[in-house]
Amino acid sequence: MKIQCDVCTAESATVFCCADEAALCAGCDRRVHNANKLAGKHRRISLSSSDASPPLCDICQEKRGFIFCQEDRAVLCKDCDEPIHSRNDLTKKHKRFLLAGLRLSSTSMPELIDEQEKLSQVSTDESNISSDKNNNSSSSSTISEYLIKTLPGWQVEDLLEDDTCDFFLTNEIDRGIAEEELPKWTAPQVPQAPPALVDNFAVKMASLPERWSDEHAFRVPQISAMNAEKHKRARTMNSNSTSMPSSSFWSITKRPTSSSGIIGHLHLIQQPLHQSLSAISAIHGSVISLRFGSRSILLVSSAAAAQQCFTINDVIFANRPALLAGKHFGYNHSMIGVAPYGEHWRNLRRFTTLHALSSSRLSTLSSFFSCEVHSLLSRLFSDTSPTVDLRSHLWNLTMNIIMGMIADKKYYGTDTTTNPNPNPNEGMRFRRIVEGVLELSGAACMEDFIPAMKWFSGMEKKMEKIGKEMDELLQELVEERRRSWSLKSSQEKEKEKEKRILIDVMLGLQELHPEEYTDTFIKGMIIALILAGTDSTSGSMEWAMALLLNHPETMKKAKCEIHEHIGHERLVRDTDIPKLKYLNSVIKETLRMYPPAPLLIPHEASEDCTISGIHVPKNTILLVNVYAIQRDPKLWSSPKDFKPERFEKEEEEGGERGFMKYIPFGYGRRRCPGEGMGMRVMALALASMIQCFEWERINEDEMVNLDEGHGLTIPIANPLHAKHTPCTHMLHILSQL
């Protein structure tokens, strides 16, 4: 069948562009490649059947090429194609098509593969058709026989008769096509001026016929049979075959256009970053190699590829790239979230799981969580304004919880007199720092990829300023607690240890192991917990309330479930949460649609590996687009719709098909250790708010605006405001809080 244009999808393609990896008709070819000088230098292969001058093989440079490999971006003769594409399972599945504008179809049907294996064992000595008169070389088989043997699932019946193409010399296609007749239907490649793109490594131009690398946008060495098995972009076959072998075709996987000079693909990036990358993946594929300045990037937007990253290659991708955010906000990459994989990170993880966020510690804190949620209900009950700012209320809740765990402090609420704060502006300073850190960490910092940009962008200066303010505030907090600790008697210290205030625990360990538990260790642990436990948790609760306000029937169903299991005589407790199945489904659906970290924290490959057939070099930065995976229509029905019911069936999260499709907190060694605490706080707070109040949109005729902001997390672009009315049957409880 004729290859259709990948741009307009209406006309037959006349050329194939190696840089854009797209087949184009004449009109689209002119529009695309006359747009600028850079596009005009893309190498293109003619698919016209009217030219009698065929291209030479890119490997041997002697024989006529008749097949184009999309993966290797090379025109090959039969003698060069066979050793390259019969070498292993990956190269056998390279996408190839004839230079007559005909796409080779394929099928994955077992019986056809078996037939292919049988044919591959048949001797072809009976064929004595000349393959190239100019080179006086003979072929042991016809082209069609060769294709049957070498292309998985390909059959001669897949080439349908087309009167418009000179390729079909007779109706008896089984006789094959002699290479001596190739000039009648093959055409030369479009002559192009040598590309002028070079990157900051100053790669010299090659004198041989050029092919392009998506990852670096400069010339790469000629492909040979010896190194073909290491090719970076070996892909699996995309088959849609049924009973008819001619119904499936190798599809062209589009990739981003060639990167521009030293900036690479940075010009494609816009905010919000996760949406920008999702749009790129939707066009060019779920596993893409990009270049941001001098750094190689692997963008993964599929559950299958994520599974390979976080299971088979989990240790390789357990590392973190040395980005400026980790330098200025993570105490020179010593904080748990940004520390490189190694012994120091293991110590951080061990401390976090044993002392900060262990199941036993969370259980002992359940009464503390309940007290803070009750304080939130009291503030909402006392707020008589027409609307309430839910963002502020939810932030105050999470900040009180985190600071209570860390330093036994409470910044917000009417009962702060029982635990006075000597610095009333401390809470505001922390909030300003957290917002600044998350905003700058979520941006694509040019200095990370083009170091020279630090003289122009000013991003690193902003980071230095916020990092300095953060360190000063944390040091004040540590010194304050240290002074308080030193003034206590031994008996008082023992009583304080029972509270397990985190700073006190770390100061106690510092006395025993001062070289390990330094002030930097303590400050890094504090800011890691604040960053992970405030904005992400409060933001997820804000999203949940926004979605419930837009779906009042879901809100009503959740309220009925709470009333059924808890009633009206008491407030929701932490132990009630496992019973509230539908509420948990609401939370899961919220995290599916708006994961706390849509791109996770970047990973880095500590050694070479292979993901979905793509060779990933050492030091490549891995970006896993959880936002795209959790909205993949192949994995989720109606992925853009808010449907908590989808989680009521256990198989939605498990099973072979569902594995890795729901990873809002990441997966593997670098999975977020605060997942358990975040889910507890979210469930308890949302259940209590739904139980005690009736919630409505400010304007019943206008839906809540769900536009997304940008940053390391996904905030709602506009702070959420809503109308609330205390439930009549809960007044007797609310009035006593």
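Any Cβ shown, glycine's included, is placed from N, Cα and C.
These features come from TrEMBL:
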- C672: heme binding site (BINDING)
- 456-483: coiled coil (COILED)
- 127-141: compositional bias 'Low complexity' (COMPBIAS)
- 117-141: region 'Disordered' (REGION)
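The DSSP secondary structure for the residue listed as 'heme binding site' is coil.
On the 0 to 100 pLDDT scale, the model's mean across the coiled coil (456-483) is 92. Within 10 Å of the C-beta of C672 (heme binding site) we count 20 further C-beta atoms, all protein chains included.
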